Amino acid sequence: MLIRRTDRYNNILWFLSTVTEPYGMFQSREQILPHTKGQLDMESGKTRDGHKVRHPTSYWDTLLHIFKGNISSGLLAMGDAFKNGGIVFAPIMTAILGVICVHAQHLLLNGSEEMHRQTKQDRPPGFAETVYLAFAKGPLRLRPLATTMKIVVNFFLCITQLGFCCVYIVFIANNIKLICDHYEVHIDLSIHMIIVVIPVLLACMVRNLKYLTPFSTIANIMMAVGVSVVIYQATLDLPSVHTRNYIASWQQLPLYFGTAVYAFEGIGLVLPLKNEMKNPEEFQKPFGVLNIGMIIVGSIFITVGFLGYLKWGEGVAGSLTLNLEPGHVLSNVVQVLIGCAVLFTYPLQFYVPVGITWPALKKRCGEKCLIAKELGYRALLVLLTFILAESIPELGLFISLVGAVSSTALALVFPPLVELVVASQKKEGLSVFIIVKDTIIILFGLFVFVTGTFQSIASIVRAFRI
């Protein structure tokens, strides 16, 4: 991690380093270098686990990156999540869900650390590689599944990131349409999406992340200012809590879970964040970076969701920016700021699926006109996200669908599965507590996956019939 570079830029670089280990593409220029000495010399940047970091980060630096990596478009959707959960049920369940997601992140970190110890690699493995190694070194009957499991994890990583990109297109188009409608410029939402995809397509033709760094800095500032104003607006003239549903209908609850998991889905960042710390052992302590950071993040989610639903009730939109009073200069400025911030973020998120899929395709394309072929592939992926966004223009339902389909698998299914496989190979074996705990988490993840996906699709179908 580089302190001097922008946070979102670094977050994407870290994430890419965890999902593209075999390919070596888009790696941070500040790589983790192999080191053979065991004892850590902090002044020289050496670490005791066998690798060193050129620019190690402190406790507070990493805490800041936890905030930046988890607070994104999902935060502005929490009002819609609370509408589908209820003013009493949603805060309680969000806190419980946060605890489960953080525990799953600890399981992934522990699995990566154990695989690093066993394999003695130059650096700890990333998400997909951890799952692969866990199965490859697990029980004999599970070892043939190792490669398949790695492919599945990378598949869900791609689906998640491309889903984020689809949400971004819908998000930006909705905000632009709201402003245009107020000034009597009535254009269909589909046309707005076509307009949005043009600058997105051009930005995604940039093959080196370093050229996007200035835009990432601008995006961070815009998002911080915009979210602050939205929260302030949500606190004005609040109605009584009794005017809202304490708990939503059972048909709505799966939509709540999908959106909430979407907001909490930052598990891909925990491994690189820990590995880049000056004192990595501080990351997982009871009062370490991960726990403290996620407590604050969860509190922000609950606060924004509670205020958003309490303020706008059943009319709360898939993004709180869409509920700002139209025509006000401040509202328009906020919508433009956050819309531009999301626009600048799209190409950064887009690098993840490209980094996973293009290296394998490149081997089959031959060396002739390789750059042109890569740019063509990037254009096809952008157009794919555009087509999906055009197909499902309902922002809140799209967020819930992405959360249910892919985020649940990454955040709630694979981490406990890794612990079960790794623990089964230890001398003490699997304890009853681990079996019961991990089985409950996996079943809960599968429940959210099935019910959330079904209800999201059903709600999208109903929305098209209206």
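Heads up, residue numbers simply count up from 1 along the chain you see.
Cβ coordinates are placed from backbone N, Cα and C, and glycine is handled just like the others.
Record features, source TrEMBL:
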DOMAIN    55-457  domain 'Amino acid transporter transmembrane'
TRANSMEM  87-109  transmembrane segment
TRANSMEM  151-173  transmembrane segment
TRANSMEM  185-206  transmembrane segment
TRANSMEM  218-235  transmembrane segment
TRANSMEM  255-275  transmembrane segment
TRANSMEM  287-309  transmembrane segment
TRANSMEM  329-354  transmembrane segment
TRANSMEM  375-392  transmembrane segment
TRANSMEM  398-418  transmembrane segment
TRANSMEM  430-450  transmembrane segment
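When each of 87-109, 151-173, 329-354, 398-418, 430-450 is checked for Cβ pairs under 8 Å to the transmembrane segment (255-275), 398-418 comes out on top. If you look at the transmembrane segment (329-354) against the transmembrane segment (87-109), you find fewer than three C-beta pairs under 8 angstroms, all six or more positions apart, and that falls short of contact.
Sequence-distant contacts of the transmembrane segment (375-392), counting only residues of its own chain at least 6 positions beyond either end whose CB sits under 8 Å from a CB of the stretch, comprise 162, 165-167, 169-170, 173, 190, 193-194, 197, 200-201, 204-205, 207, 350, 353-354, 358, 361, 398, 401, 460. The listed stretches are 87-109, 287-309, 398-418; of these, 398-418 has the most Cβ pairs under 8 Å to the transmembrane segment (151-173). Beyond the ends of the transmembrane segment (87-109), by six or more residues, the same chain brings 78, 81, 127, 130, 241, 244-248, 253, 256-257, 260-261, 264-265, 267, 270-271, 274, 283-284, 290-291, 294-295, 297-298, 301-302, 305-306, 309-310, 411-412, 414-416, 418-419, 438, 441, 444 to within a C-beta distance below 8 angstroms of the stretch.
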